[in-house]
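> Quick one: the structure is below, questions incoming.
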Amino acid sequence: AKGGAPGFKAAILGAAPSMLMKMNPLVSVLQLFDVVNSRGVTTDISHMDTGAVVRGFLGQPQLESALTGMDPVIIPAGVPRKPVMTRDDLFNINAGIVRTLCEGIAKGCPNAVVNLISNPVNSTVPIAAEVFNKAGTYDLKRLLGVTMLDVVRANTFVAEVLGVDPRVVDAPVVGGHLGVTILPLLSQVKPPCTFTPRETEYLTNRIQNGGTEVVEAKAGAVSATLSMAYAAVKFADAYLRGLRGDAGVECAFVASQVTELPLFATMVRLGCTGAQEVYLLGPLSEYERIGLQKAKKELAGSIQKGISFNKK
């Protein structure tokens with residue numbers, strides 16, 4: 001297929017958000033890589049009458065071909081969390097997958113902006129950073145841990161409490177992407193509003209445990225897939241608009257000097273080179289300052305776990 005629409009070339013490693021990316025008018029070529037069934041998914045969504053041409057790639061031998069010339073690369077690949085899985089179980093499976101995929105990126109498209117979704121993000125992003133650093137291709141602005149699902153949940157849950165449309169809510173979420181490392185800044189919600197201590201506690205706990213809520217509701221099937229795909233594509237769209245020249249601001253887990261940690265989720269300005277500017281946290285409430293200390297303590301261990309994995 002020659003392709004009929006102008007736009008960007010995007011690769012998805014693990015095809016979960018593929019249908020929504022096929023619908024994005026900013027995408028002209030969509031290359032899907034997976035270790036199973038990429039041909040079936042590719043054929044299925046290729047029948048959709050949107051502008052992007054879809055190509056499928058299957059298995060390790062085709063990884064480099066899937067990546068050549070791509071920008072961005074979206075990585076949701078890996079095993080979703082199940083109720084019986086510990087954090088260590090999830091890490092041990094997905095860490096090796098992420099390392100292999102990032103080695104392919106370093107060869108096939110070293111200048112691509114990587115949107116890394118594979119959990120646990122707090123540990124997989126430092127794994128990716130170490131792989132790129134070893135290959136001599138690491139650009140800290142081009143590695144983005146996607147925490148958009150936390151923001152999407154925050155917007156939704158805040159809107160429910162306020163009784164408004166979630167699309168008018170902007171609720172920043174900083175820190176990381178697991179448990180207490182997820183820190184919603186409810187004092188900075190837009191439009192400006194106030195919450196009682198009880199509402200603050202309720203919202204913070206629900207946002208931090210949104211993944212568990214889905215796992216339990218699915219009765220042991222898998223964790224969030226549909227909302228994850230939505231959040232992944234929402235973030236990718238923001239980056240593609242930045243690549244086009246329409247800079248936007250979103251939360252992401254990136255290399256940072258906002259705290260003493262090497263990586264931290266905060267508001268970033270997305271542009272043609274990825275995270276063009278990383279913003280400070282701004283004024284925090286007392287509740288948020290206490291939460292920040294808890295988040296940093298937990299996050300430090302998760303980051304070190306990812307760094308140590310590459311030394312095995």
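Cβ coordinates are placed from backbone N, Cα and C, and glycine is handled just like the others.
Automatic prediction, not curation, is the source of TrEMBL annotations.
Small disclaimer: the values here were computed from a predicted structure and weren't measured.
Under the heading domain 'Lactate/malate dehydrogenase N-terminal', TrEMBL lists 13-145. TrEMBL lists Asp34, Asn94, Ile117, Ser118, Asn119, Met228 with the feature NAD(+) binding site. The substrate binding site annotation in TrEMBL covers Arg81, Arg87, Asn119, Arg153. Residues or ranges marked as domain 'Lactate/malate dehydrogenase C-terminal' in TrEMBL: 147-309. Annotation comment: TrEMBL describes His177 as active site, proton acceptor.
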> Quick one: give me the count of other CB atoms within 10 A of the CB of Met228 (NAD(+) binding site).
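That number is 23.
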> Counting by DSSP secondary structure, give me helix, strand and coil numbers for the domain 'Lactate/malate dehydrogenase N-terminal' (13-145).
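Computed counts for the domain 'Lactate/malate dehydrogenase N-terminal' (13-145) are 62 helix, 24 strand, 47 coil.
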> Among residues Asp34, Asn94, Ile117, Ser118, Asn119, Met228 annotated as binding NAD(+), what is the maximum Cα-Cα distance? Answer in Å.
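The span, Cα to Cα at its widest, is 17 Å.
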> Just jot down the residues in the same chain as Arg153 (substrate binding site), at least 6 apart in sequence, with C-beta under 8 A of its C-beta; none if empty.
Arg206, Ile207, Gly210, Ser227
> For the domain 'Lactate/malate dehydrogenase N-terminal' (13-145), what is the mean per-residue pLDDT, to the nearest integer?
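Averaged over the domain 'Lactate/malate dehydrogenase N-terminal' (13-145), the predicted model reaches a pLDDT of 92.
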> Rounded to the nearest Å, what's the C-alpha distance separating Asp34 (NAD(+) binding site) and Arg87 (substrate binding site)? Just drop the number here, would you?
24
